[in-house]
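Structure record follows, encoded as C-alpha cells.
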Amino acid sequence: MAAPGKLSTCRLPPLPTIREIIKLFRLQATKQLSQNFLLDLRLTDKIVRKAGNLANAYVYEVGPGPGGITRSILNADVAELLVVEKDTRFIPGLQMLSEAAPGKLRIVHGDVLTFKVEKAFSESLKRPWEDDPPNVHIIGNLPFSVSTPLIIKWLENISCRDGPFVYGRTQMTLTFQKEVAERLAANTGSKQRSRLSVMAQYLCNVRHIFTIPGRAFVPKPEVDVGVVHFTPLIQPKIEQPFKLVEKVVQNVFQFRRKYCHRGLGMLFPEAQRLENTGRLLELADIDPTLRPRQLSISHFKSLCEVYRRMCDEDPQLFAYNFREELRQRKIKKKEKQDDAKSYRL
C-alpha cells in the first residue's frame, strides 16, 4: 500500500498528452461554463497527493474535462473512479482513459448539481459518522460558475448526513478561485472572513492547501486558483438546522462593513425590529458594535440558538424575508401614487 501523501507506482499505459487530447478532439474551453484546463500533470499529481492515500479508494471526480486530474487519480491505484461530466465534448477523451484502465473508470454524462452520488458506490463502504472518514473521496477542478453553489449544497448534505456523506465523513479536495479559497479558510477577524468561512468551518476542518497560478491553466483565467481540503467534523460547531444557520449568517454578512446589529435586524419585521434585535443580542451576549468579520463561530452558535428559541415562540418568524417586505412596501407605494394620479385626472 502506498504511504500517505504518495502516489502509487501503478501507471497507465502510454497515452496522448492532455494537450494532444484537446487537439485530437478539437476541444475548446467554454467561457459560459467557466472552463479552464489544467494541463501540467505535476500539478494534477500534487492535487491528488493532497487528497490523501487513494490506494484502493473509491473516488468521485466532478467536472473532469479533458481528464488531467482523472489520469493522476487513476495513477494513484484507486479501486474505482466515478467521473460526472456535463459537457459531451469531453466524453470521447474520457472513454480513451477508461479503455486504458479496464474496470477502474466509470463515466456518467450528467450534472454534478443533480447527480445522486449516494447511490453510486457500494453500501459496504459506509462508516458510522463517529469513525474515521470512509474510503470515499471527492476531488474536482470546479468551474468557477458552479463552485460556490456546489460547496453550499455539499455543506448542507454534511449537515443532514446525506448525498455524498451517506458513506460517512467523506473528504473533499476541490479547486476554487483563490479569493473564494481564502474566504473558505479565513480566520475570525481577517479581511477575507465571509459567509462562506462560517458555513464551511462550523461543519468542516477546512485547509487552503496551496495555490496554483492562473498561467498554469488553458485558457489562462484572470485569477489564481486555490486548492482546498475539507474534512467533515464529527460534531458540528453549531447544532442547529442548516437553513437556520445559513439565514443568520447571510443576514449578518450582507452588511459586512456595518456593525453586526444592522444585519441581524433584518431577521425581524420592521414593527418589532428594534426590540427583537436588542433582545437577540442581549440573550446571545454579543456586542452590537462588532463587525461581521469579528464574529467567531461561538458567537454565531449563540446567535443561532437564541434565534431558534425566538422562532419557536413565533412560528411565522423564520419565514420572514425583509426583502419581500420591502418589495411589498414598494408595490403599495406605487399603487397609492397611481391612485393619486387617477384622482387628479
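Backbone N, Cα and C define each Cβ position, glycine as well.
When the candidates GLY63, GLY163, GLY168 are compared with the S-adenosyl-L-methionine site entry in Swiss-Prot, which names LEU38, GLU85, LYS86, ASP111, VAL112, ASN141, the shared residue is GLY63. ASN141 (S-adenosyl-L-methionine binding site) has a Cβ environment of 27 other Cβ atoms inside 10 Å. Counting Cβ atoms from all protein chains shown, LEU38 (S-adenosyl-L-methionine binding site) has 21 others lying within 10 Å of its own Cβ. Spatially close to GLY63 (S-adenosyl-L-methionine binding site) yet at least six residues away along the chain are VAL84, GLU85, LYS86, VAL112, GLY140, ASN141, LEU142, PRO143, VAL146, judged by Cβ distances under 8 angstroms. A 10 Å cutoff on Cβ-Cβ distances gives VAL112 (S-adenosyl-L-methionine binding site) a total of 22 other Cβ atoms nearby, all chains included. The maximal spread of the S-adenosyl-L-methionine binding site, taken as the longest Cα to Cα distance among LEU38, GLY63, GLU85, LYS86, ASP111, VAL112, ASN141, is 20 Å.
A simple way to gauge crowding: the CB of GLU85 (S-adenosyl-L-methionine binding site) has 24 other CB atoms within 10 angstroms, across all the protein chains here.
Its Cβ taken as reference, LYS86 (S-adenosyl-L-methionine binding site) is surrounded by 18 other Cβ atoms within 10 Å in the chains shown.
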